[in-house]
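**Student:** Before I ask anything, let me first share the structure, which is written out below as structure tokens.
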Amino acid sequence: MTSVVAPDVEENPSTGGSLHSISSCSCRICQTSKSREDLISPCNCKGTLGKVHLSCLERWLNMCGREYCELCHFQFSAHRSRRYGLFQSIRVWMRHPRHRSLLASDIVVGGILTLVTLGLCIVCAMGLKYFVLEGLKVGIPGFWTEGAITFFLSVIVLGYLATLYLMLRDHVIPWYRWWNRCMVIKLILVPEVDPPPRDLNDSRIV
């Protein structure tokens with residue numbers, strides 16, 4: 001019975017095993033090299049840690065909200081833009097059930113406060129003459145009664161406006177912070193310029 005011996009593969013000393021290193025290189029984020037996208041080295045990381053897909057790196061930076069490498073702290077050249085427009089961000093924000101329920105409850109509370117405040121203002125305005133006459137009967141000057149009612153209405157209106165402001169702020173500030181965090185980071189890669197080829201005609205043989 002004869003045995004088949006595989007022929008020895010000679011290693012090319014000029015490459016120094018570079019074919020093996022290229023085939024074993026993989027993206028440090030997705031950990032795969034089976035992709036149509038080329039691997040790039042956008043930062044100062046060396047070895048296998050320096051190879052990454054551009055799409056993987058941009059996706060990772062968008063998730064972290066950073067513009068630098070977390071290993072070598074290399075600052076990438078990147079362009080930041082908002083993920084959503086103004087009205088689109090409001091629609092996306094309101095799709096969340098919790099945000100919708102909070103807004104609905106605040107609208108109900110705001111409507112009740114509006115009706116109560118409006119009712120108090122109407123009652124005080126219509127009964128101003130009555131209160132002045134009743135005050136005169138007990139010896140209170142009319143301007144004191146009018147001043148007291150005006151002060152009472154001012155407190156009611158200011159309290160109403162302050163409540164509406166606080167309710168609106170509780171919705172606007174979280175939405176605005178979320179909107180500012182939703183950024184799209186696109187890396188700006190500067191292509192490497194290869195040195196011009198040397199003209200062999202310029203070389204002289206001594």
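Using the three backbone atoms N, Cα and C, a Cβ is placed for every residue, glycine included.
The region 'Disordered' feature in TrEMBL is assigned to 1-22. The compositional bias 'Polar residues' annotation in TrEMBL covers 12-22. The feature domain 'RING-CH-type' is assigned by TrEMBL to 19-79. If you look up TrEMBL, you'll see 103-128, 148-168 marked as transmembrane segment.
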**Student:** Apart from its near flanks, which chain residues at least 6 from the ends of the transmembrane segment (148-168) lie with a Cβ under 8 angstroms of it?
**Tutor:** 106, 109-110, 113-114, 117, 120-121, 124, 128, 131
**Student:** May I have the DSSP-based helix, strand and coil counts for the residues of the domain 'RING-CH-type' (19-79)?
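**Tutor:** Summed by class, the stretch gives 21 helix, 8 strand, 32 coil.
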